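K.L.:
This is the feature table in TrEMBL:
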- 2: active site, nucleophile (ACT_SITE)
- 2-220: domain 'Glutamine amidotransferase type-2' (DOMAIN)
- 284-426: domain 'SIS' (DOMAIN)
- 460-598: domain 'SIS' (DOMAIN)
- 603: active site, for Fru-6P isomerization activity (ACT_SITE)
Ligand code: AGP
């Protein structure tokens with residue numbers, strides 16, 4: 001996710017704006033830029049890479065005396081990380097400058113219409129389209145506030161924007177829809193930013209803008225109105241008690257907890273622009289030019305491999321594409337990689353830099369396979385080297401333990417299953433509608449359930465904190481979730497945990513069970529429930545304690561029941577995943593572990 005900042009005050013604006021951007025760096029970015037108005041014209045400075053590159057460019061120029069300005073750190077969604085795509089973007093007539101966080105879903109249609117009117121574009125971004133749409137609206141509406149509002153009403157999707165006009169050098173406009181934007185109220189100076197840490201050293205007084213609101217800001221005033229009809233908005237000035245570091249975590253104790261709670265938004269963002277009108281189907285234009293794979297090898301590491309194992313079930317069920325899931329470190333050294341016509345490889349990687357996964361991609365390409373990438377980081381090595389890449393749009397994942405990334409990967413895998421199933425014409429209208437309806441309901445379900453899940457995790461983590469070993473059991477797609485639950489527990493709390501196919505217990509592992517070896521069983525109300533239930537009885541017969549994740553009304557012989565909402569079929573995985581994440585989070589936090597930076601681990605394993 002990008003970071004945007006605006007400043008109007010009594011100090012030279014650019015140094016303040018750059019300082020604000022530094023305090024948003026934790027959000028991750030690949031380029032940055034600033035803008036102000038000097039002698040009636042815009043000064044825009046943009047640089048790829050870290051803020052230091054931008055600061056170097058600024059140091060080579062005469063300092064600006066402007067006391068109003070804005071800035072941006074870009075986390076690429078549309079268009080590669082490059083200076084031409086960095087914000088701020090100027091309108092064609094250089095009268096307007098815009099910075100933007102979010103995704104304008106209908107930007108291609110708007111771009112086509114503007115191009116027909118003679119507008120030219122220098123980037124691949126949706127942001128440059130929006131600033132020129134504002135110019136076009138301003139051409140017939142002299143009041144910039146009205147023109148801005150009209151343009152925003154034509155843009156569909158998520159945005160937090162900051163706009164400046166060379167004709168109003170001491171003011172900036174800002175607006176938000178489904179992306180955060182906060183007003184900082186100072187003394188003789190005012191701020192706007194994507195997140196509170198940006199301006200916290202200057203003021204603790206904030207106004208949280210709501211969706212559909214816009215604001216015009218000067219050093220001594222701000223006026224909030226509704227985009228829809230420009231009616232004034234009542235607002236409340238609140239005081240922030242956090243320090244900067246706490247603010248960067250949005251008030252959560254750790255980035256991991258913040259990212260677990262971001263999963264409803266990750267699901268919404270992941271679906272943005274990928275569902276046809278009236279949810280009539282899935283659109284994945286990245287795959288349109290490719291045949292439907294005759295067979296698919298999914299290759300990844302760690303949590304991404306578990307996402308692939310989970311996705312296998314839904315793709316085989318809906319698209320009837322045979323799938324094999326491979327661990328990248330094994331796959332890359334296989335004696336032979338044999339591919340039949342139209343067989344493909346899908347590599348999954350949040351960072352897009354995992355050495356084993358990148359090596360597996362290169363080996364598969366050398367052997368003649370078409371390789372698809374599923375990544376979170378735009379422009380990462382895997383994203384660049386794959387023949388075709390799909391992005392999870394989950395925003396930067398700061399905590400070493402991967403949480404929201406897996407949720408976003410599972411979502412895109414579900415969309416791929418529906419997309420390929422539709423292309424093969426084997427997904428019925430009813431199945432497709434039911435799947436999409438369930439997907440669309442997930443953000444709201446999770447938003448509602450996460451707090452109670454977190455409370456239950458606190459209780460059970462403390463109850464089982466003495467355990468030195470844990471089994472995680474599941475069948476079908478829940479086997480992949482069991483593996484993920486075990487990985488989370490061991491990498492965060494350093495407790496030994498084994499994820500197992502529940503049916504495998506009697507083939508040896510059950511010898512380990514005793515009263516000090518608890519089991520976390522995933523027992524959803526599906527056709528495999530009776531089987532998992534009998535596995536639980538086997539565990540309890542040997543004095544093993546059982547925590548069972550299940551849905552309302554299921555009678556289970558567990559020591560602790562963890563009830564979650566009943567969501568159809570594979571989609572229940574999106575509900576079980578945060579349960580497993582929160583249990584591990586609370587266990588690690590209770591045991592005093594370094595939750596965001598567990599020992600021996602790196603966020604991206606860029607070496608073998
Ligand atoms: C997950 O919690 C771990 N940090 C680790 O297993 C991670 O999923 C793995 O290294 C793969 O990373 P990637 O998705 O960036 O390729």
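Including glycine, each Cβ sits where the backbone N, Cα and C put it.
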K.L.:
Return the residues near residue 603 (active site, for Fru-6P isomerization activity) by Cβ distance under 8 Å, restricted to its own chain and a separation of at least 6 in sequence.
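P.N.:
Residues satisfying the criterion: 351, 397, 398, 400.
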K.L.:
Please work out the number of neighbouring Cβ atoms within 10 Å of the Cβ of residue 2 (active site, nucleophile), leaving out its own Cβ.
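P.N.:
So the Cβ neighbour count for residue 2 (active site, nucleophile) comes to 26.
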K.L.:
Any idea what DSSP makes of residue 2 (active site, nucleophile), helix, strand or coil?
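P.N.:
Assignment for residue 2 (active site, nucleophile) reads coil.
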K.L.:
Work out, from DSSP, the number of helix, strand and coil residues along the domain 'SIS' (460-598).
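P.N.:
Looking at the domain 'SIS' (460-598) with DSSP, the answer is 65 helix, 25 strand, 49 coil.
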K.L.:
So, by DSSP, how many helix, strand and coil residues make up the domain 'SIS' (284-426)?
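P.N.:
The counts are 63 helix, 28 strand, 52 coil.
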K.L.:
Can you tell me whether DSSP puts residue 603 (active site, for Fru-6P isomerization activity) in helix, strand or coil?
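P.N.:
In three-state terms, residue 603 (active site, for Fru-6P isomerization activity) counts as coil.
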K.L.:
Just to confirm my parser: what is the rounded mean pLDDT across the domain 'SIS' (284-426)?
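P.N.:
Computed over the domain 'SIS' (284-426), the mean pLDDT is 95 on the 0 to 100 scale.
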